[in-house]
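Q: Sharing a structure with you now.
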Amino acid sequence: MQTATKPLVGARAVPLSRRASFLVAEARRKPSTNARRTRVGSTSTTTTTTTILTDVNGPALTTVAKPGHQYDLKQTVEMKATVSVHMKSFWWSDEKKERARDWAYDLILGSWLTLELVSSELDPKTGQEHDVISGKLKHSRETEKDYDLYEAIFTCRHRLAPSGAVRLVNYHHTEMLLGEVKIFPAGEDPTKSSAVTLFHCQSWIDPSHCSPDKRTFFPVEKSYIPSQTPKGVEKLRKSELEALRGNGCGERKKHDRIYDYDVYNDLGKPESKRPVLGGKEHPYPRRCRTGRPRSKTDPSSEEESHKKGEMYVPRDETFTERKEQAFLTKQLLSQLHGLCTGLKVNKDILPSFPTLASIDALYDDDFRNQPVQPEGGKVRLILDLLAKELVHLVKLEGAEFVEGIRRVFKFETPEIHDMDKLAWFRDEEFARQTLAGMNPLSIQLVTELPIVSKLDELKYGPADSLITKELIEKQINRIMTAEEAVAQKKLFMLDYHDLLLPYVHRVRKLDNKTMYGSRTLFFLADDGTLRPIAIELTRPKSPHKQQWRKVFTPGSGYSGSVTGSWEWQLAKIHVLSHDTGYHQLVSHWLRTHCCVEPYVIAANRQLSQMHPIYRLLHPHFRFTMEINAQARGMLICADGIIEKTFSPGEFSMEISSAAYDKQWRFDMEALPEDLIRRGMAVRGEDGKLELAIEDYPYANDGLLVWDAIKQWASDYVAHYYPCAVDIVDDEELQDWWTEVRTKGHPDKQDEPWWPELDCHESLVQVLATIMWVTSAHHAAVNFGQYPMAGYVPNHPSIARRNMPCEMGPEEMLAFKAAPEKVWLDTLPSQLQTVMVMATLDLLSSHASDEEYMGTHQEPAWQRDGEVDKAFQVFQKKMRDIAEQVEEWNKDDSRRNRHGAGVVPYVLLRPLNGNPMDAKTVMEMGIPNSISI
């Protein structure tokens, strides 16, 4: 007698022919008809034929018959389907009538959701696909978390092979979120049965009157490269991809799920035109095509969306209805966008803070930086109060404005200010944050002297820097020569000179904004910490003025005078505003959000949902397109928050394009290659990286995470691609990577550095790079924004006044008479500060349903024993990394991450426990995707 057995957790999936023991103890019978009906796995002495229905992706239908018995093609079996459905939620009371309409619809129509079972194999008689088995689902009166359960019973003939796909049609009047579909023998408990076929969908299904096409889903039991696709679903695999590509025509509707490409021609407005990003003049990655009509006032650009902040993204890329925090965030960003409009109309509402104490007054010392606020908490409070107070606030001035802001915004004290109220002032902290702050991706090694610009001298002025060998030696107290400092890797630099200099005169024409090209030089002390030794600010020559430039040093100007110390603090404001702008526009937006969107689009257009690489990358793409669309609508658009509160102003996105053109290379986006490019690491003879600064928290933690990601990707790839020819012959994989290059990044498609997917090593490097950028890279530059830049003197986003010494004797006299006033006038205005704080606070938050690296496991990974085992190894490595980071943060010798008043570096510490137990948002772990 055969008995049902349950596979061991982590056991590798076995071929169908070896799975005869996966039997069902009981099955449901129907009254007999001319066709004999048999329990699946029956152990009756009179019926010994067993039909296996559990391996839905087997290469062929297999039957096991004991000797002396024949297989009866007329046998049938009853299978049950359960479907979890989440109907669209309703937020406001005036929409409750929609819920009543739903109930009435269910009562009248009864069954509005149909399900079809599709065989994984062809009919051996016809050589064509089997006829599908269709049925209507009915409400089971059961619920599962936020989902209602629907079910149906299907009678299947034995000759129908296991389900290779399911197809659904929604005849309801509204869309629904499809959770999971389970197919299993009737009479079995799906939570205990080993014969369950699972379809993990998590997809919005439109009403049939909006989209008559049937929605297709494939089971998670096994992933297939194209050549291994079961014959019965080969056509469905191809047709699903064709549906997602669309035809490139027409305006996209909200319910569409089409992925296509377009240039960034939607950032301008009729009254504020902006150049198109993407093309020869302004190279840029591509974004998702919306198909909106061209603007009548600017034919090169799209019309604005009819609803402010509403931009098309494929339906399954949008936030789930259950993400109330995301919903409120979107509304608040819209309100902040309204503040930007107020700035444009009311140019006189740009008062400076009257004192440093007035800046500190914005924070509530009793309100600590808690990771999550209940039921929207702070965000809902801000939204409600903004709606009532916005008009009143913009009319206030001076102290009244500050007090009004305090009433509306209950800002927590950022960690940098909470740990040490004077941290922002210290030069040591200024230098430390280049290694462990919110932008640790810009610091680079100085490899030669003199420091020379690559810009045209005739256009911009002399190329040689004023930071000379003599100045360097003086600043390091002549303990070594400048040449020795270079040879011993003691000199490091923040270099924003060549990137910003071409925009200086254009930015200076804007109201209340200024800019320089800047270089900041640091010296590496014997204790492993950096200290700044010089800042060079440059204004390029113009038709009316000669080049102006000057070097500022800490405590050295005017022979160590007080005036020189104040000038040093002003110079730091300018450098920090450059660093903040570069961080937001390049390190953050360009290198993560913007450059990743083409990977997402190409993956959905070219990789089937049953493709193993799609299933590996899918969790790393979660919500990225929706966040990017919101950014285009409210953050990076004309007169948006970035333009109004960051130094480059309306030229912000042009600078981002220039950085993409001159700096971005896919092969340099992997952490090791990025460190090597900046001179921050070299590869030793043993292949291991040696850091130029041993205590470099971002690199120390990041390399551990990178190695874990790469090993996980390597194990995964090895499981599905035993040899290189499998990679080369995978048409979907090759088409995906070709499309990333030719359609997603077409302005760089002919660059020689694009890797070829021709072996295990190259594929792993490509996948690990994408996984790194979407997870750890983004976490490092995103979740430290408010903790570090939420206190404006520590990392101002804008500098509003030129250096007094540039402007002449009168400005210098005014500066000497009131240096603190000039310093405060150089910082962002009160309103700009509040806008930046509110925006960074939101962007730095974690979603309530965040999926964290090393903790979230896709259902498809769990179903494959080898993949599950590899993930467990990855998971353990991430836990080990978390423990290592904790040890380093307690190590007195690591002064860049531990010490009195020093904020520990935890941005790349993997989640180890419950994220809700974290003390700060920075400690909550590394999300899989570019998400907020």
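Counting begins at 1 with the first residue displayed.
Any Cβ shown, glycine's included, is placed from N, Cα and C.
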Q: For the Fe cation site that Swiss-Prot describes with His588, His593, His778, Asn782, which of these is also annotated: Ile416, Ile443, Ile451, Ile932?
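A: For Fe cation, Swiss-Prot names His588, His593, His778, Asn782; of Ile416, Ile443, Ile451, Ile932, the listed one is Ile932.
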Q: Are there residues at least 6 beyond the ends of the compositional bias 'Basic residues' (285-294) whose Cβ is under 8 Å from a Cβ of it, and what are they?
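A: Distal contacts: 248-252, 259-264, 266, 278, 300-303, 305, 311-314, 594-595, 597-598, 601, 625, 628-629, 632, 660, 743-746.
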Q: From the DSSP assignment alone, can you count helix, strand and coil residues within the compositional bias 'Basic and acidic residues' (270-284)?
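A: Final tally across the stretch: 0 helix, 2 strand, 13 coil.
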Q: If we skip the immediate neighbours and take only residues 6+ beyond the ends of the compositional bias 'Basic and acidic residues' (270-284), which ones have a Cβ under 8 Å from one of its Cβ atoms?
A: 262-264, 295-298, 300-301, 304, 594, 637-639, 650, 653-654, 656-657, 660-661, 746-748
Q: Tell me the Cβ neighbour count for His588 (Fe cation binding site), meaning other Cβ atoms within 10 Å of its Cβ, over all protein chains shown.
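A: Within a 10 Å radius of the Cβ of His588 (Fe cation binding site) lie 23 other Cβ atoms.
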Q: If you average per-residue pLDDT over the domain 'PLAT' (79-219), what number do you get?
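A: Result for the domain 'PLAT' (79-219): average pLDDT 82.
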Q: Give me the non-local Cβ neighbours of His593 (Fe cation binding site): same chain, 6+ apart in sequence, Cβ-Cβ under 8 Å, ordered along the sequence.
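A: In sequence order, the residues whose Cβ lies under 8 Å from that of His593 (Fe cation binding site) (at least 6 apart) are Thr624, Ile627, Asn628, Ala631, His778, Ile930.
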Q: Any idea which of the binding-site residues His778, Asn782, Ile932 has the thinnest Cβ neighbourhood at 10 Å?
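A: Least crowded of the binding-site residues His778, Asn782, Ile932, by Cβ count within 10 Å, is Ile932.
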Q: Taking the mean position of the Cβ atoms of His588, His593, His778, Asn782, Ile932 as the Fe cation site, which residues outside that list, in the same chain, have a Cβ no more than 8 Å away, listed in sequence order?
A: Trp589, Thr592, Ile627, Val781, Leu843, Ile930
